[in-house]
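Enquirer: Annotations per Swiss-Prot:
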TRANSMEM  27-47  transmembrane segment
TRANSMEM  71-91  transmembrane segment
TRANSMEM  93-113  transmembrane segment
TRANSMEM  134-154  transmembrane segment
TRANSMEM  174-194  transmembrane segment
TRANSMEM  205-225  transmembrane segment
TRANSMEM  245-265  transmembrane segment
TRANSMEM  268-288  transmembrane segment
TRANSMEM  294-314  transmembrane segment
TRANSMEM  343-363  transmembrane segment
Amino acid sequence: MLIWLVELSEYFKFLNLFRYITFRTGAALFTSALIVFLFGPTIINSLRIRQGKGQPIRADGPQTHFKKAGTPTMGGLMILAGIVGASLLWADLSNVYVVATLLVTLGFGAIGFYDDYLKVTKQSHKGFSGKARLGIEFIIAGIAVYFMMRTALASGTAGSTFGSSIAFPFFKDFLINLGIMFVVFGGFVIVGAGNAVNLTDGLDGLAIVPVMIAAASFGVIAYLAGNVVFANYLQINFVPGTGELAVVLGAVIGAGLGFLWFNAPPAAIFMGDTGSLALGGTIGTVAVATKHEIVMAIIGGLFVMETLSVIIQVGFFKMTGRRVFLMAPIHHHFEKKGWTESQVVIRFWIIAVGLALLGLSTLKLR
């Protein structure tokens, strides 16, 4: 919104700063962190009073988790406030990619909020119906992908079918055009990302730091993909307008830092599905917008690993009646093996950093 003040730069030269994505990204990061820091304590106290027993703890989980009973959930409200507030101030709201990303952020956050509400009120892990939840997620994601696809098709910078095509790392000109089915593919990517982060969110600080790492990585990708000079130099696909997504991701990082202040062990609050679905959906949307869906599987490899562990566990158990892991998602498996919570969290952070660097390296390998 503040970018519109650039029109007054003829009279106030300092307003030229608002033209620069890098400046507004830093400002969004600072603003979102400040929002969470300022309003976090009030939100936490309000949720603690309203929720009473807080998030239900799994009876079959590690014994160390029972001491977390009574910790409030829905901390994603703090994160959403930071992201949306900072984005409204610093991002270009006339940009289709920004609007589509915020649509997914808020839509997935609302789904997660309802799921958290059901779990808290029923004191059960069974919240929103799985099929209904996925269906609504696909509708929201599909709408966002459709409008982003139309925008990319209209730009015509890389051919008439670029907007509906899948791009591959290492090969700039190797594209597979899916036509209208790209909406389905993009929706799958966004929904998958949202639920992958949701599965990862099981320990204090485990999900939020890898999310910030992924957000920083995709902030770089969005900035480069949206800049014709850098895109041509690196031989990556130029997608006009996606550079503005760096501002939104700056807000994600700032909100994540603010939330981590309260989520550091022992956590004063959990983000819940409200936060994890929204954050994962946001990252997934940026990946689709910048044509780096496959690279997201590398940068977000930790989330992929967590998701695969659940799929393998459930599938193998249905076929044989036995389990591959002591408990899924896989971070609980390592807890059962004797790792402390801090060991699991920090080691998974290290994995996330390594995968992010590996994913970013694909930008130069052409």
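Including glycine, each Cβ sits where the backbone N, Cα and C put it.
Show me how these features fit into the structure around them.
Expert: Sequence-distant neighbours of the transmembrane segment (27-47) (same chain, 6+ residues past either end, Cβ-Cβ under 8 Å): 72-75, 77-79, 81-83, 85-87, 89-91, 247-248, 250-255, 257-259, 261-262, 268-269.
Nonlocal intrachain contacts for the transmembrane segment (245-265), taken as residues 6+ away from its ends with a CB within less than 8 angstroms of a stretch CB, comprise 21-22, 24-37, 40, 44, 75, 78-83, 85-87, 90-92, 97-98, 101-102, 204-205, 208-209, 211-212, 215-216, 218-220, 222-223, 226, 271, 275, 279, 282-283, 286, 289-290, 341-342, 345.
Using a Cβ-Cβ cut-off under 8 Å and counting only residues 6 or more beyond its ends in the same chain, the transmembrane segment (268-288) has close neighbours at 43-44, 47, 55, 71-80, 83, 100-101, 104-109, 111-113, 115-116, 127, 137, 141, 144-145, 148, 186, 189-198, 200-201, 207-208, 211, 214-215, 218, 221-222, 242, 245, 248-249, 252, 256, 259, 262, 295-296, 300, 303.
Residues 166-169, 189, 192-193, 195-197, 199-200, 210, 213-214, 217-218, 221, 280, 283-284, 287, 323-325, 328-331, 333, 348, 351-352, 355-356, 358-360, 362 of the same chain, all 6+ positions outside the transmembrane segment (294-314), place their C-beta atoms under 8 angstroms from a C-beta of that stretch.
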Enquirer: Give the one range among 134-154, 174-194, 343-363 whose Cβ atoms make the most pairs under 8 Å with those of the transmembrane segment (205-225).
Expert: 343-363
Enquirer: What else in the chain is close to the transmembrane segment (174-194), if you only count residues 6 or more beyond its ends and a Cβ gap under 8 Å?
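Expert: Distal contacts: 104, 108, 134, 137-138, 141-142, 144-146, 148-149, 158-159, 161-168, 276-281, 283-285, 287-288, 293, 296, 300, 303, 307.
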